[in-house]
Amino acid sequence: MIQVLLVTICLAVFPYQGSSIILESGNVNDYEIVYPKKVTVLPTGAMNSGNPCCDPVTCKPRRGEHCVSGPCCRNCKFLNAGTICNRARGDDMNDYCTGISSDCPRNPYKD
């Protein structure tokens, strides 16, 4: 028996943001996106990112997790404020995590 799942994939996992697709159960790497009069094969691993932080249906952090990826995200949690996320090069200064985002904001000051 073939099971059919309706899944919405976000841009972070597959470049068809907000597209509704129909998937047949079986090998994840063999799923296809079905459009009217058109079938497009998903690239290998499109649905199986292997990221334990990511809800594969919503492409958002799983319940209780802060982030999916980023320079200030480790083990699905934001790194502490003040953690170096980008080491200084040349006359630049280090960039630091804020503790409330997975992004690494640029330090506006120079040495």
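Positions of Cβ are set from backbone N, Cα and C atoms, glycine also.
Keep in mind that this is a model prediction, so the values were computed, not measured.
In Swiss-Prot, the cysteine linked to C72 by a disulfide bond, out of C10, C97, is C97.
Neighbour counts of Cβ atoms within 10 Å were taken for the disulfide-bonded residues C72, C85; the minimum is at C85. Cα-Cα distance from C67 (disulfide bond) to C76 (disulfide bond): 5 Å (rounded to the nearest whole number).
C97 (disulfide bond) has C85 nearby among the disulfide-bonded residues C53, C76, C85, counting only those with a Cα within 10 angstroms of its own Cα.
The average pLDDT computed over the domain 'Disintegrin' (47-111) stands at 86. Here C76 (disulfide bond) is positioned 16 angstrom away from C85 (disulfide bond), judged by their C-alpha atoms.
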